[in-house]
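A.B. asks: The structure that follows is given in the form of C-alpha coordinates.
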Amino acid sequence: MNIHEYQAKAILKDFGVPVSRGVAAFTPEAAEAAARALGGIAFVVKAQIHAGGRGKGRFRELPEGAKGGVRVVRTPAEVKANAAEMLGNTLVTLQTGPEGKQVNRLYVEEGALIDKELYLSMLVDRATSRVAFVVSTEGGMDIEAVAHATPEKIHTFSVDPATGIQPLHGHKVAQALGLSGDLGRQAVALTEGLYRAFTQKDMSLLEVNPLVVTKDARLVCLDAKVGFDANALFRHSDVAQLRDESEEDFKEIEASRYDLSYIALDGTIGCMVNGAGLAMATMDIIKLYGREPANFLDVGGGATKEKVTAAFKIITADPNVEGILVNIFGGIMRCDVIAEGVIAAVRQVGLKVPLVVRLAGTNVDEGKKIIRESGLNVIPADDLDDAAQKIVTAVKKEAA
Ligand code: GDP
Ligand code: MN
(Lines of atoms letter the chains of each structure in order from A; the text may use other names.)
(Lines give C-alpha, C1' and ligand atoms only; values in the text may rest on other atoms or scores of the structure.)
(Ligands and ions follow the chains in the order given, each with its own letter.)
Protein backbone atom coordinates (compact mmCIF):
# COMPACT_ATOMS: atom_id res chain seq x y z
CA MET A 1 0.00 0.00 0.00
CA ASN A 2 1.29 3.44 -0.93
CA ILE A 3 0.68 6.77 0.78
CA HIS A 4 1.12 10.42 -0.13
CA GLU A 5 4.34 12.37 0.35
CA TYR A 6 2.92 14.53 3.15
CA GLN A 7 1.75 11.45 5.05
CA ALA A 8 5.14 9.79 4.62
CA LYS A 9 6.88 12.91 5.92
CA ALA A 10 4.63 13.01 9.00
CA ILE A 11 5.69 9.45 9.82
CA LEU A 12 9.37 10.21 9.26
CA LYS A 13 9.07 13.26 11.50
CA ASP A 14 7.77 11.04 14.31
CA PHE A 15 11.04 9.11 14.08
CA GLY A 16 13.11 12.28 14.36
CA VAL A 17 13.97 12.41 10.64
CA PRO A 18 14.37 16.00 9.38
CA VAL A 19 11.70 17.17 6.93
CA SER A 20 10.51 20.67 6.00
CA ARG A 21 7.53 22.14 7.80
CA GLY A 22 4.35 21.82 5.75
CA VAL A 23 0.55 21.66 5.71
CA ALA A 24 -1.73 19.61 3.47
CA ALA A 25 -4.48 21.52 1.64
CA PHE A 26 -7.53 20.54 -0.39
CA THR A 27 -8.59 24.02 -1.60
CA PRO A 28 -6.78 27.15 -2.86
CA GLU A 29 -8.01 29.05 0.22
CA ALA A 30 -6.62 26.41 2.56
CA ALA A 31 -3.33 26.45 0.64
CA GLU A 32 -3.06 30.21 1.11
CA ALA A 33 -3.90 29.93 4.81
CA ALA A 34 -1.27 27.20 5.13
CA ALA A 35 1.37 29.49 3.63
CA ARG A 36 0.42 32.31 6.00
CA ALA A 37 0.64 29.95 8.96
CA LEU A 38 4.05 28.65 7.83
CA GLY A 39 5.47 32.12 7.25
CA GLY A 40 8.82 32.71 5.56
CA ILE A 41 9.89 34.03 2.18
CA ALA A 42 9.44 31.02 -0.09
CA PHE A 43 6.92 28.22 -0.38
CA VAL A 44 6.68 25.02 -2.36
CA VAL A 45 3.29 23.89 -3.62
CA LYS A 46 3.39 20.16 -4.30
CA ALA A 47 0.76 18.03 -6.02
CA GLN A 48 -0.03 14.95 -3.93
CA ILE A 49 -0.46 11.94 -6.18
CA HIS A 50 0.84 8.40 -5.82
CA ALA A 51 3.48 8.88 -8.51
CA GLY A 52 6.87 10.51 -8.82
CA GLY A 53 8.29 12.79 -11.48
CA ARG A 54 5.82 15.52 -10.51
CA GLY A 55 8.32 18.34 -10.87
CA LYS A 56 8.89 17.54 -14.53
CA GLY A 57 5.24 16.54 -15.06
CA ARG A 58 2.68 18.38 -17.20
CA PHE A 59 -0.92 19.31 -16.50
CA ARG A 60 -3.09 18.09 -19.33
CA GLU A 61 -5.57 20.98 -19.06
CA LEU A 62 -2.93 23.71 -18.93
CA PRO A 63 -1.16 25.21 -21.96
CA GLU A 64 2.24 23.96 -23.07
CA GLY A 65 4.95 25.63 -21.01
CA ALA A 66 2.86 25.86 -17.83
CA LYS A 67 4.66 24.80 -14.65
CA GLY A 68 4.59 21.20 -13.36
CA GLY A 69 3.43 19.59 -10.13
CA VAL A 70 6.11 21.07 -7.82
CA ARG A 71 6.21 24.86 -7.76
CA VAL A 72 8.43 27.19 -5.76
CA VAL A 73 6.73 30.56 -5.13
CA ARG A 74 7.24 33.68 -3.00
CA THR A 75 3.98 34.75 -1.39
CA PRO A 76 0.78 33.25 0.07
CA ALA A 77 -1.16 34.92 -2.78
CA GLU A 78 0.99 33.07 -5.33
CA VAL A 79 0.46 29.86 -3.37
CA LYS A 80 -3.29 30.37 -3.75
CA ALA A 81 -3.10 31.12 -7.49
CA ASN A 82 -0.90 28.10 -8.17
CA ALA A 83 -3.08 25.87 -6.01
CA ALA A 84 -6.13 26.96 -8.01
CA GLU A 85 -4.31 26.05 -11.22
CA MET A 86 -3.32 22.59 -9.99
CA LEU A 87 -6.33 21.32 -8.02
CA GLY A 88 -8.79 19.27 -10.05
CA ASN A 89 -6.46 19.07 -13.05
CA THR A 90 -4.66 16.02 -14.41
CA LEU A 91 -0.94 15.68 -13.88
CA VAL A 92 0.90 13.48 -16.37
CA THR A 93 4.37 12.30 -15.29
CA LEU A 94 6.77 9.56 -16.40
CA GLN A 95 5.28 7.39 -13.65
CA THR A 96 1.54 8.02 -14.07
CA GLY A 97 1.24 6.64 -17.59
CA PRO A 98 -0.34 8.74 -20.37
CA GLU A 99 -3.72 8.93 -18.60
CA GLY A 100 -2.20 10.93 -15.71
CA LYS A 101 -3.65 11.41 -12.24
CA GLN A 102 -6.10 13.99 -10.98
CA VAL A 103 -4.67 16.25 -8.29
CA ASN A 104 -7.05 16.48 -5.34
CA ARG A 105 -4.60 17.34 -2.57
CA LEU A 106 -1.66 19.66 -2.24
CA TYR A 107 1.16 19.95 0.23
CA VAL A 108 2.40 23.45 1.02
CA GLU A 109 5.92 23.50 2.43
CA GLU A 110 8.35 26.12 3.53
CA GLY A 111 10.90 26.52 0.74
CA ALA A 112 14.38 25.12 1.28
CA LEU A 113 17.56 26.68 -0.08
CA ILE A 114 19.30 23.76 -1.71
CA ASP A 115 23.04 23.32 -1.88
CA LYS A 116 23.18 19.66 -3.04
CA GLU A 117 20.62 17.04 -4.08
CA LEU A 118 21.40 13.46 -3.05
CA TYR A 119 19.59 10.13 -3.32
CA LEU A 120 18.70 7.61 -0.61
CA SER A 121 16.32 4.69 -0.66
CA MET A 122 15.60 1.59 1.40
CA LEU A 123 14.01 -1.65 0.37
CA VAL A 124 13.69 -5.27 1.37
CA ASP A 125 16.41 -7.00 -0.61
CA ARG A 126 15.26 -10.51 -1.48
CA ALA A 127 18.74 -11.68 -2.43
CA THR A 128 20.15 -11.04 1.07
CA SER A 129 16.82 -11.21 2.99
CA ARG A 130 17.79 -7.93 4.63
CA VAL A 131 16.82 -4.29 4.58
CA ALA A 132 19.11 -2.57 2.11
CA PHE A 133 20.17 1.05 1.67
CA VAL A 134 20.78 2.45 -1.80
CA VAL A 135 22.53 5.83 -1.87
CA SER A 136 23.98 8.09 -4.53
CA THR A 137 25.34 11.58 -4.89
CA GLU A 138 23.19 11.91 -8.02
CA GLY A 139 19.95 13.06 -6.39
CA GLY A 140 16.90 14.74 -7.85
CA MET A 141 16.97 12.77 -11.08
CA ASP A 142 15.66 9.50 -12.39
CA ILE A 143 17.71 6.95 -10.44
CA GLU A 144 17.18 4.25 -13.07
CA ALA A 145 18.91 6.48 -15.61
CA VAL A 146 21.80 7.02 -13.15
CA ALA A 147 22.04 3.26 -12.56
CA HIS A 148 22.19 2.71 -16.29
CA ALA A 149 24.66 5.43 -17.27
CA THR A 150 26.93 5.52 -14.19
CA PRO A 151 26.40 2.41 -12.06
CA GLU A 152 29.55 3.19 -10.05
CA LYS A 153 27.72 6.18 -8.56
CA ILE A 154 25.21 3.94 -6.80
CA HIS A 155 26.18 2.40 -3.47
CA THR A 156 24.24 -0.44 -1.89
CA PHE A 157 24.63 -2.19 1.45
CA SER A 158 22.34 -4.09 3.78
CA VAL A 159 21.78 -4.26 7.54
CA ASP A 160 22.12 -7.53 9.43
CA PRO A 161 18.88 -7.89 11.42
CA ALA A 162 20.81 -9.64 14.21
CA THR A 163 22.74 -6.45 15.00
CA GLY A 164 20.17 -3.97 13.74
CA ILE A 165 21.19 -0.48 12.75
CA GLN A 166 24.66 0.60 13.95
CA PRO A 167 26.64 3.83 13.61
CA LEU A 168 28.82 2.05 11.03
CA HIS A 169 25.84 1.98 8.64
CA GLY A 170 25.42 5.72 9.03
CA HIS A 171 29.14 6.18 8.38
CA LYS A 172 28.79 4.16 5.16
CA VAL A 173 25.94 6.44 4.05
CA ALA A 174 27.94 9.54 4.94
CA GLN A 175 31.00 8.30 3.09
CA ALA A 176 29.05 7.33 -0.05
CA LEU A 177 27.39 10.75 -0.07
CA GLY A 178 30.61 12.65 0.61
CA LEU A 179 29.35 14.07 3.91
CA SER A 180 31.81 14.74 6.73
CA GLY A 181 32.02 16.69 9.98
CA ASP A 182 28.65 17.83 11.29
CA LEU A 183 26.87 16.73 8.07
CA GLY A 184 28.40 13.27 8.57
CA ARG A 185 26.96 13.17 12.09
CA GLN A 186 23.56 14.23 10.71
CA ALA A 187 23.79 11.39 8.17
CA VAL A 188 24.39 8.86 10.99
CA ALA A 189 21.33 10.10 12.91
CA LEU A 190 19.25 10.18 9.73
CA THR A 191 20.23 6.63 8.76
CA GLU A 192 19.24 5.37 12.19
CA GLY A 193 15.90 7.23 12.17
CA LEU A 194 15.01 5.99 8.69
CA TYR A 195 15.86 2.40 9.60
CA ARG A 196 13.70 2.54 12.73
CA ALA A 197 10.79 4.01 10.76
CA PHE A 198 11.21 1.41 8.02
CA THR A 199 11.28 -1.61 10.30
CA GLN A 200 8.80 -0.48 12.97
CA LYS A 201 6.18 0.50 10.38
CA ASP A 202 6.77 -2.55 8.16
CA MET A 203 7.62 -0.53 5.09
CA SER A 204 8.54 -2.29 1.88
CA LEU A 205 10.01 0.78 0.18
CA LEU A 206 11.22 4.18 1.27
CA GLU A 207 12.68 6.54 -1.31
CA VAL A 208 14.02 10.00 -0.51
CA ASN A 209 14.83 11.74 -3.80
CA PRO A 210 16.16 14.26 -3.25
CA LEU A 211 17.75 14.13 0.15
CA VAL A 212 19.24 17.62 0.27
CA VAL A 213 22.02 19.53 1.95
CA THR A 214 20.64 23.02 2.53
CA LYS A 215 22.69 26.19 2.19
CA ASP A 216 22.75 26.39 6.00
CA ALA A 217 24.25 22.87 6.16
CA ARG A 218 21.27 20.81 7.22
CA LEU A 219 20.41 17.39 5.83
CA VAL A 220 16.66 17.34 4.94
CA CYS A 221 14.36 14.81 3.24
CA LEU A 222 12.79 16.97 0.55
CA ASP A 223 10.73 14.20 -1.01
CA ALA A 224 9.46 10.92 0.46
CA LYS A 225 7.85 7.99 -1.26
CA VAL A 226 6.78 5.17 1.04
CA GLY A 227 5.17 1.79 0.41
CA PHE A 228 4.03 -0.66 3.09
CA ASP A 229 3.89 -4.44 3.23
CA ALA A 230 0.15 -5.11 2.81
CA ASN A 231 0.45 -8.34 4.82
CA ALA A 232 1.56 -6.38 7.91
CA LEU A 233 -1.10 -3.65 7.75
CA PHE A 234 -3.26 -5.44 10.31
CA ARG A 235 -0.82 -4.33 13.00
CA HIS A 236 -0.68 -0.70 11.84
CA SER A 237 -4.20 0.68 11.89
CA ASP A 238 -2.75 4.21 11.84
CA VAL A 239 -1.08 3.45 8.52
CA ALA A 240 -4.08 1.59 7.07
CA GLN A 241 -6.15 4.75 7.65
CA LEU A 242 -3.90 6.72 5.30
CA ARG A 243 -5.06 4.73 2.33
CA ASP A 244 -6.38 6.93 -0.49
CA GLU A 245 -8.63 4.76 -2.63
CA SER A 246 -8.98 7.47 -5.26
CA GLU A 247 -5.35 6.71 -6.14
CA GLU A 248 -5.92 3.03 -6.66
CA ASP A 249 -7.22 0.88 -9.43
CA PHE A 250 -10.83 -0.36 -9.00
CA LYS A 251 -9.62 -3.94 -9.46
CA GLU A 252 -7.01 -3.67 -6.69
CA ILE A 253 -9.46 -2.05 -4.25
CA GLU A 254 -12.02 -4.78 -4.83
CA ALA A 255 -9.39 -7.51 -4.57
CA SER A 256 -8.15 -6.27 -1.21
CA ARG A 257 -11.70 -5.73 0.08
CA TYR A 258 -12.49 -9.39 -0.58
CA ASP A 259 -9.04 -10.63 0.39
CA LEU A 260 -8.23 -11.95 -3.08
CA SER A 261 -4.67 -12.22 -4.39
CA TYR A 262 -4.93 -10.42 -7.72
CA ILE A 263 -2.18 -9.25 -10.03
CA ALA A 264 -2.98 -7.75 -13.43
CA LEU A 265 -0.92 -9.06 -16.35
CA ASP A 266 -0.74 -8.23 -20.06
CA GLY A 267 -2.52 -11.19 -21.63
CA THR A 268 -6.08 -11.89 -22.76
CA ILE A 269 -7.24 -14.94 -20.76
CA GLY A 270 -8.73 -14.03 -17.38
CA CYS A 271 -8.09 -16.70 -14.74
CA MET A 272 -9.93 -17.51 -11.53
CA VAL A 273 -8.23 -20.25 -9.57
CA ASN A 274 -7.99 -21.43 -5.97
CA GLY A 275 -4.49 -21.86 -4.61
CA ALA A 276 -1.37 -20.03 -5.73
CA GLY A 277 0.29 -23.16 -7.10
CA LEU A 278 -2.72 -24.13 -9.18
CA ALA A 279 -3.00 -20.52 -10.38
CA MET A 280 0.63 -20.63 -11.57
CA ALA A 281 0.06 -23.98 -13.30
CA THR A 282 -3.05 -22.55 -14.99
CA MET A 283 -1.09 -19.57 -16.28
CA ASP A 284 1.64 -21.89 -17.59
CA ILE A 285 -0.75 -24.12 -19.46
CA ILE A 286 -2.51 -21.15 -21.07
CA LYS A 287 0.90 -20.10 -22.39
CA LEU A 288 1.57 -23.65 -23.54
CA TYR A 289 -1.51 -23.46 -25.75
CA GLY A 290 -0.43 -20.16 -27.26
CA ARG A 291 -2.16 -17.46 -25.21
CA GLU A 292 -1.13 -15.20 -22.31
CA PRO A 293 -2.94 -14.90 -18.96
CA ALA A 294 -4.62 -11.54 -18.25
CA ASN A 295 -4.09 -11.91 -14.53
CA PHE A 296 -3.08 -13.99 -11.58
CA LEU A 297 -6.04 -14.49 -9.27
CA ASP A 298 -6.09 -16.80 -6.27
CA VAL A 299 -9.51 -16.81 -4.57
CA GLY A 300 -8.03 -18.71 -1.62
CA GLY A 301 -9.07 -21.84 0.18
CA GLY A 302 -12.34 -20.88 1.83
CA ALA A 303 -13.93 -18.60 -0.73
CA THR A 304 -17.58 -17.65 -0.31
CA LYS A 305 -20.11 -16.97 -3.02
CA GLU A 306 -19.53 -13.23 -2.48
CA LYS A 307 -15.79 -13.65 -2.97
CA VAL A 308 -16.24 -15.58 -6.17
CA THR A 309 -18.68 -12.95 -7.46
CA ALA A 310 -16.18 -10.17 -6.66
CA ALA A 311 -13.39 -12.10 -8.38
CA PHE A 312 -15.50 -12.51 -11.47
CA LYS A 313 -16.31 -8.80 -11.57
CA ILE A 314 -12.63 -7.91 -11.27
CA ILE A 315 -11.73 -10.17 -14.19
CA THR A 316 -14.49 -8.82 -16.43
CA ALA A 317 -13.55 -5.21 -15.58
CA ASP A 318 -10.29 -5.72 -17.50
CA PRO A 319 -10.93 -4.63 -21.12
CA ASN A 320 -8.14 -6.92 -22.41
CA VAL A 321 -9.94 -10.06 -21.32
CA GLU A 322 -11.15 -12.07 -24.34
CA GLY A 323 -11.97 -15.25 -22.47
CA ILE A 324 -12.21 -16.55 -18.90
CA LEU A 325 -10.93 -19.77 -17.41
CA VAL A 326 -12.24 -20.83 -14.01
CA ASN A 327 -10.17 -23.66 -12.56
CA ILE A 328 -11.16 -24.84 -9.12
CA PHE A 329 -10.05 -27.80 -7.12
CA GLY A 330 -12.59 -28.38 -4.39
CA GLY A 331 -10.66 -29.37 -1.30
CA ILE A 332 -11.64 -27.06 1.51
CA MET A 333 -13.72 -25.29 -1.12
CA ARG A 334 -16.90 -26.93 -2.37
CA CYS A 335 -17.52 -27.02 -6.11
CA ASP A 336 -21.22 -26.25 -5.72
CA VAL A 337 -20.38 -23.00 -3.88
CA ILE A 338 -18.04 -22.02 -6.70
CA ALA A 339 -20.64 -22.86 -9.30
CA GLU A 340 -23.25 -20.74 -7.52
CA GLY A 341 -20.79 -17.85 -7.27
CA VAL A 342 -19.94 -18.04 -10.95
CA ILE A 343 -23.58 -18.20 -11.99
CA ALA A 344 -24.52 -15.30 -9.68
CA ALA A 345 -21.68 -13.22 -11.06
CA VAL A 346 -22.54 -13.96 -14.68
CA ARG A 347 -26.16 -12.98 -14.00
CA GLN A 348 -25.01 -9.70 -12.40
CA VAL A 349 -22.32 -8.56 -14.80
CA GLY A 350 -23.29 -10.43 -17.97
CA LEU A 351 -21.00 -12.58 -20.06
CA LYS A 352 -19.53 -11.00 -23.18
CA VAL A 353 -16.64 -13.44 -23.63
CA PRO A 354 -16.33 -17.24 -23.64
CA LEU A 355 -16.17 -18.87 -20.21
CA VAL A 356 -14.67 -22.28 -19.51
CA VAL A 357 -15.19 -23.83 -16.09
CA ARG A 358 -13.22 -26.77 -14.78
CA LEU A 359 -14.29 -28.15 -11.43
CA ALA A 360 -12.84 -31.10 -9.56
CA GLY A 361 -13.10 -32.40 -6.00
CA THR A 362 -15.72 -32.00 -3.27
CA ASN A 363 -19.32 -31.83 -4.53
CA VAL A 364 -18.16 -31.75 -8.14
CA ASP A 365 -21.36 -33.35 -9.45
CA GLU A 366 -23.59 -30.79 -7.71
CA GLY A 367 -21.35 -28.04 -9.08
CA LYS A 368 -21.54 -29.29 -12.66
CA LYS A 369 -25.31 -29.71 -12.34
CA ILE A 370 -25.75 -26.10 -11.19
CA ILE A 371 -23.79 -24.87 -14.20
CA ARG A 372 -25.59 -27.16 -16.67
CA GLU A 373 -29.02 -26.15 -15.40
CA SER A 374 -28.26 -22.44 -15.32
CA GLY A 375 -28.98 -22.17 -19.03
CA LEU A 376 -25.95 -19.93 -19.36
CA ASN A 377 -23.39 -20.36 -22.10
CA VAL A 378 -20.63 -21.91 -20.00
CA ILE A 379 -18.22 -24.42 -21.55
CA PRO A 380 -17.52 -27.28 -19.11
CA ALA A 381 -14.08 -28.91 -19.02
CA ASP A 382 -12.87 -32.17 -17.48
CA ASP A 383 -9.27 -31.43 -16.56
CA LEU A 384 -6.75 -28.62 -16.69
CA ASP A 385 -5.39 -29.58 -20.10
CA ASP A 386 -8.86 -29.83 -21.59
CA ALA A 387 -9.85 -26.49 -20.01
CA ALA A 388 -6.84 -24.61 -21.39
CA GLN A 389 -7.36 -25.99 -24.89
CA LYS A 390 -11.05 -25.16 -24.79
CA ILE A 391 -10.61 -21.53 -23.72
CA VAL A 392 -7.87 -20.89 -26.29
CA THR A 393 -9.98 -22.46 -29.05
CA ALA A 394 -13.08 -20.50 -27.98
CA VAL A 395 -11.19 -17.19 -27.96
CA LYS A 396 -9.72 -17.88 -31.41
CA LYS A 397 -13.16 -18.77 -32.77
CA GLU A 398 -14.62 -15.57 -31.34
CA ALA A 399 -11.89 -13.50 -33.03
CA ALA A 400 -12.33 -15.23 -36.41
P1 GDP B 1 9.08 14.68 -7.80
O2 GDP B 1 9.35 15.45 -9.05
O3 GDP B 1 7.71 14.05 -7.83
O4 GDP B 1 10.14 13.69 -7.49
O5 GDP B 1 9.00 15.74 -6.62
P6 GDP B 1 10.16 16.30 -5.61
O7 GDP B 1 9.54 16.48 -4.29
O8 GDP B 1 11.36 15.44 -5.66
O9 GDP B 1 10.49 17.72 -6.22
C10 GDP B 1 11.10 17.87 -7.49
C11 GDP B 1 12.21 18.89 -7.43
O12 GDP B 1 11.70 20.14 -7.01
C13 GDP B 1 13.32 18.55 -6.44
O14 GDP B 1 14.29 17.68 -6.98
C15 GDP B 1 13.89 19.94 -6.17
O16 GDP B 1 14.85 20.28 -7.15
C17 GDP B 1 12.68 20.86 -6.33
N18 GDP B 1 12.21 21.26 -4.98
C19 GDP B 1 11.38 20.58 -4.16
N20 GDP B 1 11.22 21.24 -2.98
C21 GDP B 1 12.00 22.34 -3.06
C22 GDP B 1 12.32 23.44 -2.16
O23 GDP B 1 11.85 23.51 -1.02
N24 GDP B 1 13.14 24.41 -2.62
C25 GDP B 1 13.69 24.36 -3.86
N26 GDP B 1 14.50 25.32 -4.24
N27 GDP B 1 13.44 23.37 -4.73
C28 GDP B 1 12.61 22.36 -4.34
MN1 MN C 1 11.40 13.29 -5.97
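The backbone N, Cα and C atoms fix where each Cβ goes, and this holds for glycine too.
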A.B. asks: Using only what TrEMBL says about substrate binding by GLY331, ILE332, MET333, identify which of ASN274, ASN295, ASN377 is listed for that site too.
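C.D. replies: Given GLY331, ILE332, MET333 bind substrate in TrEMBL, the matching entry from ASN274, ASN295, ASN377 is ASN274.
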A.B. asks: Can you give me the Cα-Cα distance between ASP223 (Mg(2+) binding site) and LYS46 (ATP binding site) in Å, rounded to a whole number?
C.D. replies: 10
A.B. asks: Around GLU117 (ATP binding site), how many other C-beta atoms are within 10 angstroms of its C-beta?
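C.D. replies: For GLU117 (ATP binding site), the count of other Cβ atoms within 10 Å is 17.
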A.B. asks: In the structure shown, with every protein chain counted, which of the binding-site residues ASN209, ASN274 has the densest set of Cβ atoms within 10 angstroms of its Cβ?
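C.D. replies: Compared across ASN209, ASN274, the most Cβ atoms within 10 Å surround ASN274.
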A.B. asks: Could you state, as a whole number of Å, the largest distance between Cα atoms of any two of ASN274, GLY331, ILE332, MET333, the listed substrate binders?
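C.D. replies: Among the residues the record ties to substrate, max Cα distance equals 10 Å.
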A.B. asks: When the pLDDT values for the domain 'ATP-grasp' (9-239) are averaged, what is the result?
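C.D. replies: The average pLDDT of the model in the domain 'ATP-grasp' (9-239) works out to 96.
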